[in-house]
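Feature annotations, courtesy of Swiss-Prot:
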TRANSMEM  23-43  transmembrane segment
CARBOHYD  ASN193  N-linked glycosylation site
CARBOHYD  ASN220  N-linked glycosylation site
TRANSMEM  267-287  transmembrane segment
Amino acid sequence: MAFYDVYAHPALIRYRTCVCTRATLFVCVVLGLTYISPLLVAYRSQGFWLKRNSYEEQPVVKFQYDLILLGVTDTTGNYLAWSTFPNFNRLIGDNLRIPEISAQEEDKNQDGKSDVLLLQISVPLKPAEQMFSVQLLLTFSYQLFRMSTVVMQTLAFIQHSSPVPGSQLFICGDLRLNQRTPLPHRGLHSTYNVSVIDGSSPFASTYDLTNIIRLYQQRNLTTHLSGVIPVWTVGRAANAPFQISAQIHYPVEMIDYRPGFWETIKFAWIQYVSVLLIFLWVFQHIQTFIFQNQVLPTITIPPFKQHRS
């Protein structure tokens, strides 16, 4: 008749000793090394406490339809300008040119958020005028919601010049987010939810592009045009307006943030346990060798009771 194993379990052998013995001291040392050493190893290997993390998010970006346009019309420094701010237009005087503007935001991937801005500006020029340089400042509403809620006003600055007069400028780029410090992991961040340009101010310094950019760059959170590809077209027909075409994409951003308490603990716990398992395996085999071979004297308790005959 053939036999086979239907069930198996390990036999538990106990080793007993008094409190004040070398075996007790050995067990205490092993326990300390088993559970404290992994903590030291994980901490000294750097990155134990998670201080900074990141995630991807598609921002909610809306063009605010506020802009400042400056153009140089000859080599002597004559210029034309226009903006959506009445006070600025009054300061320009005879250099004011009112353009035709068409703006459209599209949701390419149908996720409910705009992905690209298509902007078309047609600037009228006098017959004797030519366009050598263009500066264009656009404002946007920028929002994030996945971790902390960020609501702010941002801008994009476009600039291009050429020694040869042109008839059209085409610009293509991505509106990218800049962070100087990580965001908090939760809460409302609306410090920069104010207009980048104070349209109610009657002073010319308020609309100076140098001042606007200088103050804007002092912020922790800003946006800029990245990967800009300008195309300058020459050969303008008489009495034809100068055309500005911009295609600005709103890409998915990698947002840096400071992790919360529980995320930090979770990350540290994973590192600690991964090292702890190695120490548990090593010291378990060391203890088994020590007590099985009675290197330290103990009383062995067999796994089965001895029955009297």
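Cβ atoms are placed via backbone N, Cα and C, with glycine included.
Tertiary neighbourhood of the transmembrane segment (267-287): same-chain residues 27, 30, 33-35, 37-39, 41-42, 45, 47-50, 259, selected by CB-CB distance under 8 Å and a gap of 6+ residues from either end.
In the three-state DSSP reading, ASN193 (N-linked glycosylation site) counts as coil.
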